[in-house]
Amino acid sequence: MGLQKSHLTVCLPPSVPFLILVSTLATAKSVTNSTLNGTDVVLGSVPVIIARTDHIIVKEGSSALINCSAYGFPDLEFKWYNSVGKLLKEMDDEKEKGGGKWQMLDGGLLNITKVSFSDRGKYTCVASNIYGTINNTVTLRVIFTSGDMGVYYMVVCLVAFTIVMILNITRLCMMSSHLKKTEKAINEFFRTEGAEKLQKAFEIAKRIPIITSAKTLELAKVTQFKTMEFARYIEELARSVPLPPLIMNCRTIMEEIMEVVGLEEQGQNFVRHTPEGQEAPDRDEVYTIPNSLKRSESPTADSDASSLHEQPQQIAIKVSVHPQSKRDHVDDQEGGHFEVKDEEETEPSEEHSPETAEPSTDITTTELTSEETSPVEAPERGLPPAHLETTEPAVTCDRNTCIIYESHV
């Protein structure tokens, strides 16, 4: 009995490990099946863009390589389109010859050989598989490097520069010639015609004063000086602007100056006022200024006040009536005419000044401007001829009366 029990205990243990091994194998199989099923889901994916390129710049005549930069599983199928939407294909005969202009490489690469300026534009890559489709666009820019155009532009610039330089040199030469001619003409004008006109103006300026007193002589000198200064200014102005038409302008200006200076004024008549208590005869009511006291009759005249825009001068004329004694009357008849000294000296004005003059019956003062005068008809009887060559103060002698004119500015 004891031997049989020991044998049974030995035979039972081998069955337990077998069961454990079978169960382990079954578990491993199930785990393997589940793992394989999960792997099948992970391996499939839609296409994605892994890098984007905006544009590519290449020189004309070189090659351009454009990458689609797309990834997906299973493998993607790539197609390229140009800017007008045309599908780019590589012909079979071109493949046999080593490839044409458009070469489709693995991984979605497009190789453009011998790029021309007309190849510029946008290129679109379309990548697709069983899970989806995606596209990527790249712009191709071509640099134009033709040597003929560069030479053409250079030649055009050189020709334009040469023309401009020739025109500038010609203009400078013409200006220089005009300057010389203008200077010569101006010098000739002021040596001949201009000098004569200026000399006439100076002579007329010396005869500007119509009365002889210290103040009038000073006014004449000032006016003469201003006339000379104005003439010099005109000459300097003519020399400062070197243009040929200036010669005519200068002559016109000088002629206008002479015309302004040569304004002729009609005779000025003054009415004598009879002193109180005396009655003057009708024939002596009006006195006329002698021709010697009038302004010059020169065609160039004797005043430049209008050209200098000076204020009008006030002239006060004093008329004194003195009765003449019989003795003086006899002397006057024997002598014939009065002798009048030169008015440029100050002695006559001192002799007939109001301070040293004898008291007269009445003195009437009339103020007249050099521009506004009231002409009065002259009587039939004028002054003696001897007074036509005299200057202020003017002396008029009647039968029994001596009238002295004194003028002051």
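In case you wondered, yes, glycine gets a Cβ from its N, Cα and C as well.
Each residue in the topological domain 'Extracellular' (29-148) has a pLDDT score, and their mean in this model is 81. According to Swiss-Prot, the feature topological domain 'Extracellular' maps to 29-148, an assignment based on sequence analysis.
As annotated by Swiss-Prot, N-linked glycosylation site applies to Asn33 (among others).
Under the heading N-linked glycosylation site, Swiss-Prot lists Asn37 (among others).
Sequence annotations record features per position, and here Swiss-Prot assigns domain 'Ig-like C2-type' to 47-141 based on sequence analysis.
Here Asn67 (N-linked glycosylation site) comes close to Ala51, Thr53, Gly107, Gly108, Leu109: these same-chain residues lie at least six apart in sequence, with C-beta atoms under 8 angstroms from its C-beta. Feature annotation from Swiss-Prot assigns N-linked glycosylation site to Asn67 (among others).
The feature disulfide bond is assigned by Swiss-Prot to Cys68-Cys125. In the three-state DSSP assignment, the secondary structure recorded for Cys125 (disulfide bond) is strand.
What Swiss-Prot records for Asn111 (among others) is N-linked glycosylation site, and it gives sequence analysis as the kind of evidence. All protein chains considered, the CB of Asn111 (N-linked glycosylation site) has 15 other CB atoms within 10 Å.
All protein chains included, Asn135 (N-linked glycosylation site) registers 15 other Cβ atoms within 10 Å of its own Cβ. Asn135 (N-linked glycosylation site) carries a strand DSSP state (E or B). The annotation N-linked glycosylation site is assigned in Swiss-Prot to Asn135 (among others).
Annotation comment: Swiss-Prot describes 170-409 as topological domain 'Cytoplasmic', evidence class sequence analysis.
The phosphotyrosine annotation in Swiss-Prot covers Tyr287, and the record cites similarity to another entry as its basis.
Per Swiss-Prot, compositional bias 'Basic and acidic residues' is recorded for 325-340.
Counting other Cβ atoms within 10 Å of each Cβ, the lowest count among the disulfide-bonded residues Cys68, Cys125 belongs to Cys125. In this structure, the C-alpha atom of Asn111 (N-linked glycosylation site) lies 18 angstrom from that of Asn135 (N-linked glycosylation site). Cα of Asn135 (N-linked glycosylation site) to Cα of Cys125 (disulfide bond): a distance of 5 Å. Counting residues of the domain 'Ig-like C2-type' (47-141) by DSSP class, helix then strand then coil, yields 8 helix, 49 strand, 38 coil.
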